[in-house]
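Have a look at the structure below before the remarks.
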């Protein structure tokens, strides 16, 4: 083989490591798999727990309750009447008398069953009290991921400032793979809870490192907005595929099947990260980032984080409560429980990709304001649905509006850091992920208890009104003020126009070749 041919794969790998687009692909795939695992459990867990715990318990005692009583001596004295006219016995309350047995005759009327509650429509699960309690348990299980991620995010932000983004990204892949395998083979609530919490740790590493990496690679504000929109498209696609994929695979193949498929895809993602990111290479930031507590005192960052939190809290409350509400009121089969989220997922995918570009032109603050108002209106309409088709409109509006908010707020976070702080992004995207996780922690953990106390429709009214009331606060992001040393950045008329920012020292994370340090020194 000629020497030139031997170096072709190596040259392609070097060129790939120097490409910002391949970095975007890595982040896209990581967010895709994370959110597929996030939503694939939504239709599986409620029905799995109902099947294993309620039906399993009741099926074991059912034979004892259905065995007929001995007909001879335990029948009440008025339960049958003997006729001397035709030597037959007429049964009154549904059992045969001792005289009837002695004569070998049968009753002239069929046995009448004892009075019982009216039968449920076909397909409706029994055990309404169990389902009411399950709202709380399922909500806590779903919230465990976000709660763990909430605690882990600040530490991951500090870690990325010290060692760069590549190693944390790969750590996130390893933890995500272990969590997926654990989901596949967990058969109890406790093991499912542990797997969900473990996923929160892996998601924290992947999300914070991935978004921070994109912000550091795409320094132009317009390009950064487009890149964030594409990356959030991976998040949207994961949400889109997860719930329907999980419900169909669980109904027709089995519980472990969707998780084993995700584990295989996670291995492919790990191989891609090894090729592109070089996770063994430590690449600390050239300057010290702004501390997390300083960023948390910034009112503009708090407003943006609040928009992320409350807009996502609505869909977070729907995840554990909507499938159970559908089981109770619509008698929905297993496959419909995940399909109900399909309109929201499709519209979220459209919204993030569309407004990744449009939000920069119309104003990201305005895009977020409109999005939060639409989120609130959509949530108010969800309880009006009488069947799965009635959920299409509200869920579509909900997903589209959350896409508007997410695709606007994520670039604003990076923009505010460039404008008011040091241009190092690990901590600010840790805050953004914390806000996202607070929505997914508070929503499921409190949603189940609120549903049990006041009902599902009133829960939707509460969270819908909160989103509508918060929407006007996005107006304050219209014209954020800069620090004195960066006041020249606001020389343009529109505060959200395209701007490029250079950090205090040239970033040398990309290209990720072994000769990158030499090339940087020659350039200087």
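Cβ atoms here come from the backbone N, Cα and C positions, even for glycine.
Annotated features, as they stand in TrEMBL:
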| type | residues | note |
| --- | --- | --- |
| TRANSMEM | 21-45 | transmembrane segment |
| DOMAIN | 23-482 | domain 'Major facilitator superfamily (MFS) profile' |
| TRANSMEM | 170-195 | transmembrane segment |
| TRANSMEM | 201-218 | transmembrane segment |
| TRANSMEM | 230-253 | transmembrane segment |
| TRANSMEM | 259-279 | transmembrane segment |
| TRANSMEM | 300-318 | transmembrane segment |
| TRANSMEM | 338-358 | transmembrane segment |
| TRANSMEM | 365-385 | transmembrane segment |
| TRANSMEM | 397-417 | transmembrane segment |
| TRANSMEM | 424-443 | transmembrane segment |
| TRANSMEM | 455-477 | transmembrane segment |
Across the domain 'Major facilitator superfamily (MFS) profile' (23-482), average pLDDT on the 0 to 100 scale | 78
Do we see three or more Cβ pairs under 8 Å linking the transmembrane segment (170-195) and the transmembrane segment (455-477), pairs being at least 6 apart in sequence?
-> no
Cβ pairs under 8 Å with the transmembrane segment (259-279): which stretch of 21-45, 201-218, 338-358, 424-443, 455-477 has the most?
-> 21-45
Please give the sequence-distant neighbours of the transmembrane segment (300-318): residues at least 6 beyond its ends with Cβ less than 8 Å from one of its Cβ atoms.
-> 142, 146, 341, 344, 368, 371-372, 375-376, 378-379, 382, 398-399, 401-402, 405-406, 409, 412-413, 416, 420, 428, 431-432, 434-436, 438-444, 446-447, 459-460, 463-464, 466-467, 470, 473-474, 476-477, 480
Tertiary contacts of the transmembrane segment (424-443), defined by C-beta under 8 angstroms and 6+ residue spacing from its ends, are 142-143, 145-147, 149-150, 153-154, 156-161, 165, 200, 204, 207-209, 211-212, 215-216, 285, 287-292, 295-296, 301, 304-306, 308-317, 319, 409-410, 413-414, 416-417, 463, 503
Tertiary contacts of the transmembrane segment (201-218), as residues 6+ beyond its ends and Cβ separation under 8 Å | 20, 23-24, 26-27, 30-31, 34, 38, 145, 148-149, 152-153, 156-157, 160, 165-166, 168-169, 171-176, 178-179, 224, 226-228, 231, 410, 414, 424-426, 429-430, 432-433, 436, 507, 509-510
Give residue numbers and ranges for long-range contacts of the transmembrane segment (365-385): same chain, 6 or more residues beyond its ends, CB-CB under 8 A.
-> 304, 307, 310-311, 314, 318, 322, 355, 358-359, 391, 393-395, 397-398, 400-405, 407-409, 412, 456-457, 460-461, 463-468, 470-472, 474-478, 496
